Amino acid sequence: MCCYCVCCTVSDFILYIVAFFFPPAAVLLRSGPCSSDFLLNVLLTLLGFLPGMLHAFYYITITSPLRNAEYVYYYQQGWVDSERNVPSNRPQNSQTPQNRPQQGSSARNVYPSVETPLLQGAAPHDNKQSLVESPPPYVP
């Protein structure tokens with residue numbers, strides 16, 4: 001019968017068995033001889049067997065290879081300033097309202113226009129003058 005455990009790897013299981021009999025040896029195998037965790041475990045084992053064993057179990061669980069997936073960070077590349085607002089060498093198609101593609105067509109705008117009113121009560125832009133005037137210039 002095959003035993004498949006999702007809570008720990010084989011190396012973790014062996015370290016748990018070693019930690020049950022001699023806790024500093026398990027921490028030594030996982031962290032190395034001059035690490036602060038090993039020295040802490042030796043001190044805890046000298047103070048009492050149970051604190052050393054609990055620390056060894058905790059350290060084996062925390063440093064398990066299965067926990068590495070919890071700390072994966074995904075970064076999304078944003079705008080590159082050198083590529084932003086650079087005029088392209090391609091001729092631009094001037095689309096009049098009659099030549100614009102319809103909503104359901106496959107040709108879509110690369111950069112859709114987003115209308116965000118900055119002031120409450122501002123009318124949407126319908127090629128009309130805005131009712132809100134700009135603030136006066138700053139004069140020192």
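The backbone N, Cα and C atoms fix where each Cβ goes, and this holds for glycine too.
If you look up Swiss-Prot, you'll see 85-108 marked as compositional bias 'Polar residues'.
The feature ubiquitin cross-link is assigned by Swiss-Prot to Lys128.
The S-palmitoyl cysteine annotation in Swiss-Prot covers Cys2 (among others) and rests on a curator's inference.
For Cys3 (among others), the entry in Swiss-Prot reads S-palmitoyl cysteine, with the evidence type a curator's inference.
Taken from Swiss-Prot, the feature S-palmitoyl cysteine applies to Cys5 (among others).
As annotated by Swiss-Prot, S-palmitoyl cysteine applies to Cys7 (among others). In three-state terms derived from DSSP, Cys7 (S-palmitoyl cysteine) belongs to neither a helical nor a strand segment and is classed as coil.
Within 10 Å of the C-beta of Cys8 (S-palmitoyl cysteine) there are 16 other C-beta atoms, taking all protein chains into account. The S-palmitoyl cysteine annotation in Swiss-Prot covers Cys8 (among others) and rests on a curator's inference.
Residue environment of Ser134 (phosphoserine) contains 6 other Cβ atoms, counted within 10 Å of its Cβ in all protein chains. DSSP assigns Ser134 (phosphoserine) to coil in the three-state reduction, placing it in neither a helix nor a strand. Under the heading phosphoserine, Swiss-Prot lists Ser134, citing a large-scale study or a structure entry as support.
The annotation region 'Disordered' is assigned in Swiss-Prot to 84-140.
Mean pLDDT across the topological domain 'Cytoplasmic' (1-8) comes to 60 in this model. The topological domain 'Cytoplasmic' annotation in Swiss-Prot covers 1-8 (among others).
Sequence annotations record features per position, and here Swiss-Prot assigns topological domain 'Vacuolar' to 30-41.
The topological domain 'Cytoplasmic' annotation in Swiss-Prot covers 63-140 (among others) and rests on sequence analysis.
What Swiss-Prot lists as transmembrane segment is 9-29 (among others), and the listing cites sequence analysis. A Cβ distance under 8 Å defines the sequence-distant neighbours of the transmembrane segment (9-29), meaning residues of its chain 6+ beyond its ends; these are 35, 37-38, 41-42, 44-45, 49, 52-53, 55-57, 59-61, 64-66.
Residues annotated as transmembrane segment in Swiss-Prot, with sequence analysis given as evidence: 42-62 (among others). Beyond the transmembrane segment (42-62), the same-chain residues lying 6 or more positions past its ends with a Cβ under 8 Å from any Cβ of the stretch are 8, 12, 15-16, 19-20, 23-24, 26-27, 30-31.
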Between Cys7 (S-palmitoyl cysteine) and Ser134 (phosphoserine), the C-alpha gap once rounded to whole angstrom: 63
Cβ-Cβ neighbours of Cys7 (S-palmitoyl cysteine) (radius 10 Å): 9
